[in-house]
Amino acid sequence: MPYGTRSRNRPRPNYAEDQDMDFEVPPPPAKPASGKNATVGDSKRNPQVNAETKKANVDPSVARVNGMDSDERSPSVSGKETIPGTSSFSTVPPKKRKAAGAANTAIVASGSGNTAANAAAQPTTKRPATSIPLANMSRESNMMTFEKSKAILKKGGLQADDGTVLYVDDHVYLVCEPPGDPYYLCRIMEFLHTNSDDPKSPVDSIRVNWFYRPRDVQRLNNDSRLVYGTMHSDVCPLTSLRGKCQILHRSEIDNLDEYRKGPNCFWFSQIFDRFIRRFYEVIPTSQIINVPDKVKRALDERWKFIAVETNRVKELTAAVKLCKRCTQYCASNDSVDCAICGNCYHMNCVRPPLPKKPTRGFAWACGPCGRAAERRLEARNTPLGGVDEEEEIIEEEEEDPALLASTRAPSPSGPDVATDQHPGTQAEIAMAKMWPFRYLGIHCRVEDALQYDDRAIYPRASSRLGPRHQANVNVWHGRPVELVKPADIKKRFVKGGGQKKDTKLTKETLAAIEADRKEREKRPKWVQDEPPGYVHRGEDYDNDDPRNTARLMFKMPDEDDEHAPASSEAFIDKFMDRVKATAKSLKVTTWGSNLQDKALELLIQNKYDADKAIEQLSRVDRVKDLKEPILTPDELKKFEEGVTKYGSEHRSIRLHMKTHHPTSTIIRFYYLWKKTPRGRQVWDNYGGRKGRKRQNMDPAGKLQAEVADDLDDSAFDTDKARTQKRGFECKHCSTRHSRQWRRAPGVTPGQTVPSGEGKASKDKSNRLLLALCGRCAGLWRRYAIVWEDIDEVTKKAVQAGGRAWKRKLDEEVVREILASNEAASVDPSIVVQSVEGAEPPKKKTKVASDGADKKKAPKLPTPPPPPIVPDQPRWRELPCFVCNVLESAGERPIVCSHCKLSVHKRCYGLSTQVVPTKWVCDQCTNDRTPAVSTEYMCTLCPIEATAHEMLEAPRVTHKKKSDREREKEKLEKELMDSVQLEYNKKQANLNRPSQPREPLKRTDGNNWVHVQCAIWTPEIKFSEASLLERAEGFSAIPLERYEATCKVCKKNDHGACVSCLQCRANFHVGCAIQAGYTLGFDVTPVKGSRKDQVITATLGEETGSLTAAIWCKEHAIKTPVHPISEAADDKSKNALQVFVENYKQADPTLTGTARKANLLSQSTKLASQAIPANAATNRRISTASNMARSARDSPAGASRTDELDGVSSAEDEPTKTCLKCHTDTSPRW
């Protein structure tokens, strides 16, 4: 039988999900004359358990753990393996325990080292380092053998050769994987025999219930005797047994400290579910009180413990809750507690019934308590003088019994409770006996314990009730549903007397519909109409039927067919034997699939007449009918050459052959030829074929195999080691002498250490194997305790205090210390228990041995520190001033060589031929050769300049800085200020601005406007949109927009406002940019019928009419926003270019004077709508001249409505004065 204790390369079977039990149940033992809890069976199966469960005394059989009373190793007689206990140990450790094994290499004992106080009292004389066996160890192997008993059960027990008897529910040690780790702890659930039908046959394996150490579940705990129970089981071979131990629940132990002193004694109080990764509290059933009586009796009879969540322990162990009305048990999920009197009620017992429990944070009061509170409130509010006669209030207990019965909930502990309708079967009773505990937490009902066939005894993460876990089952009508085609009724309509669409069905159609409805009412419920689009599946049509979708090649004859033989299988076998006889005449192989398929096809065509089928088969053509690939000798030669050259690359073989055969023929021939002698000869010698790699054992694995124990793969054979002249060194205590050596944890196979014997230490053949001596192996395998040097223990004891270490001391360690001191042959080193997962101690720095002999060199004077050199400041790379993005579609911004204005070519309307290093912006170009206004202010917004950081700030770190670092940072800041000041002076000398200019464009009135302001103002157009040149249309902006107050700057004396797309708030475009508002393009879908009338464009995945929109930052934008820098579909343009070229291009058909006349006419129409009729009498205002120029080109264009109201005399008009020359006379202002 293959060795192993846990499933490593396959998932462990989850017995919680098995529908059918996969184990054999032994016949139940005879019932004793007395005994109440017969189903638990503790006293019957193991007579030694009674004393253990009542008192935490150590079992005498446990004291002989690991079979240490015998001096000889006895081989097992298991019939399934020649060498018992031998595993296929690999040089590569399994992955399952790799993390734990790796951690052990760094674990140096801690945890039970309370020996600091004892170490001070012990003598510290140095003695030769020789290992001492365990205090109770006299044999060299811990394997349990069963040669004397032949592994046959006697009175329910299995006796080992050392006298230890194992019963069901005993706790044992199992060898671990890898064998160097501590033993597995488990409980025997049942013995499995070689012959499952014969209970007297030898036992070859056992089913065990696992217990986990804290190190197995990544828990940090200093108690070496603490374990965690599980509800996971596995089947392990009998050869993996390594001794007997004792595991009790905490409630069964009176004095835990005294119990822990016993050898091989462990305790638990929780179980761990490795699938859910959750811990559950384990409480005895004797402590369960708050359950119905029947549930309480069932728990006491069938189970010993229950596993629950921590927050449910208090509920189950508290006093039983009974309903105040029906006096039956109240479950927490369907009952409520009165917040005043504390009584409990079923939710259905309350009148009216409660549909759900009160919401968290709210309390509920019963009827009597509520009425009492009302009476107190009325008495407090009623005046003393006029007290009316108090009306009689019917108490809740005096209600009508019939009404009370109708509203009462079914009692979960009454006669209607769900109980077993049949006694438990043998398998169900066996399942209840195999597990001492079951789950009874928040995700199940307490009534589940009454069901013998309950399979949900295992922990679960959530409830399995509800629509998420149950399928919606259709109604079963007693037979399968038959689908029929619905009646095909052609609906005919007749025109009515009203509108065109007012039609109605004809009388014939209505009659047909009514007849079909009556027919559907008469037919059975299982006859239903086919759903629309239903396709029938699984129907066999003839091969000639057009509805056939699969060609039938062969099927077995029916038993009731007149042509069918008595035995179909024998008939087919006999027929195929006759087919093989015809293969030679057809020159094909007898096992060829083509011949067999054709023979069966002819058999079914001739209605299973074998003679006719054989006669037709003998006349078939090898190529046309059987489609056998045939190659000429030359083609076969070329084919073999191709296989030799290309292997199984069929296309390359066909090209090499230069044949007319298709690739399908080459493939068919290849797989027929491959199994021929010639095919094996050619294909086996193909150089590119993957051969079987020889597994050469590495020297380290070979070295370990030379000294490995043949019977116990967790130990070494000292006789072999003596023959091979191999020595060992203990990994924990560093001793080199021991009666028995075991495998060490966290050690690679064959790992060695130098022997340290002078020159011989350099000889690799004289190196020592790392292992564990018998003493260290005993403590490590059973308790996971690691020995540690006394000096390290003393340091830790001084740091932590003696009491803290004393609490961590293990009694087994004390025994070993006493044994080692009495032997007087070892150094009284002290061991401590390893703290699972503790941080390994840091390695000490090695000091050279010859360092003390060398003379110390004279100390040189400390050189002065180097001078502090600050980092040179770097110019900051500014983003584009239009889209505020550094890189757009792979394009970096270009910078003006005069003022540092940074823009993208696409965003500023520059051609692709512009040289980035020599580019000068429009405003700097206008400074050299003025063509328009030199007042660089936007006409539509008050933003004149934006401050920018020209230099990159030094990197700021939050770590603690030294004096040199602070000094360096100070120098860098001073250097930045000096560079910035020098740059400002240089720009001033050249009559250039010290800050980058705004991205402005020319207007038709020789002024300037921001690119964003021109684009986001709907009335503004460009005479050349691709270059964003000559913005025009300012006179078309309504006067109200000039007078609107900006939401951001709170001013209305300069510029025109636009509105938010969502809230219609007014603000300047420049102010919106400064305030961080969202600028982008919104796409409005356009109907197909209006696409010829509306200009459409595509941005991203949207196509429609584009709108340049602005959103306030307070809004949550609900529609997609396309930013300025978004690339269009062809990647050559961005969203701004697409919008400008489609919606901002002025009418190109008008030029020169015609364009100006058109603008004049448009502005005149707008002005006529805004100017009152009597305003024309004011001759000082020229309407034509006012509207001919841009609205913001002169003060006249910015005239407000108060200037247009009525005619004013010369005396009433205010005196105008020029702002610069202070003159008060001018023909035009």
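A Cβ is built for glycine as well, from the same backbone N, Cα and C atoms used for every other residue.
As given in TrEMBL:
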COMPBIAS  75-91  compositional bias 'Polar residues'
COMPBIAS  536-546  compositional bias 'Basic and acidic residues'
COMPBIAS  962-971  compositional bias 'Basic and acidic residues'
COMPBIAS  1177-1188  compositional bias 'Polar residues'
DOMAIN    164-283  domain 'BAH'
DOMAIN    461-621  domain 'ELM2'
DOMAIN    877-927  domain 'PHD-type'
DOMAIN    983-1116  domain 'PHD-type'
REGION    1-98  region 'Disordered'
REGION    398-422  region 'Disordered'
REGION    521-546  region 'Disordered'
REGION    739-761  region 'Disordered'
REGION    834-871  region 'Disordered'
REGION    952-971  region 'Disordered'
REGION    1177-1229  region 'Disordered'
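Under DSSP, residues within the domain 'PHD-type' (983-1116) fall into helix, strand and coil as 33 helix, 39 strand, 62 coil. Confidence in the domain 'PHD-type' (983-1116), given as mean pLDDT, stands at 89.
Residue counts for the domain 'PHD-type' (877-927) under DSSP (helix as H, G, I; strand as E, B; rest coil) come to 13 helix, 6 strand, 32 coil.
In the region 'Disordered' (952-971), helix, strand and coil residues by DSSP number 9 helix, 0 strand, 11 coil. With DSSP states grouped into helix (H, G, I), strand (E, B) and coil, the region 'Disordered' (521-546) comes out at 2 helix, 3 strand, 21 coil.
Using DSSP to sort the residues of the domain 'BAH' (164-283) gives these counts of helix, strand and coil: 15 helix, 60 strand, 45 coil.
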